[in-house]
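Everything on this sheet refers to the single structure shown next.
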């Protein structure tokens, strides 16, 4: 069975290799701004499903894995920053607070579709401007929801997590492994 990961994220590719040794990459080109005013869990589930559907339409025999991760603070969705200034704004908002991280995954093959959303929380230390700018200087923030990556230098900003570390990183591998069993 051909498996396609509908993501260009190197982190997701690295994580999926722990579950599936062989797969191809086909990033989905969808509008990720649609529905951003909705509830975070609904938004992330919608994005993962749309990514899987877009690639499954092109490869109906393949098993497609679509995923999305967002950060939310008090219900406000923080996607990927559009600039260094936007990254600063996000990190300033997250400083000293606990926020939500939602990662949704959708597996689709033909008409069969299975989805799951994993909710975790992350607490940031109170951050100084110097700490924020030092992190922004690493450029890690650029392609990450909430402007940080837990697996890199962003770990230095984090006081505590509750939930699934791999989901915070971008792919809940234990959940994916269980969903894959439904397709074998």
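Positions of Cβ are set from backbone N, Cα and C atoms, glycine also.
Database features, via Swiss-Prot:
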- 68: active site, proton acceptor (ACT_SITE)
- 11: site 'Important for substrate specificity' (SITE)
- 69: site 'Important for substrate specificity' (SITE)
- 151: site 'Important for substrate specificity' (SITE)
Exercise for the section: Among the recorded sites listed here (69, 151), identify the one with the smallest other-Cβ count within 10 Å. Expected result: 151
Practice task
Show which residues of the chain containing residue 11 (site 'Important for substrate specificity'), separated from it by at least 6 in sequence, have their CB under 8 Å from its CB.
Solution key: 149, 151, 169, 170, 171
Practice task
Determine the Cβ neighbour count for residue 68 (active site, proton acceptor): the number of other Cβ atoms within 10 Å of its Cβ.
Solution key: 28
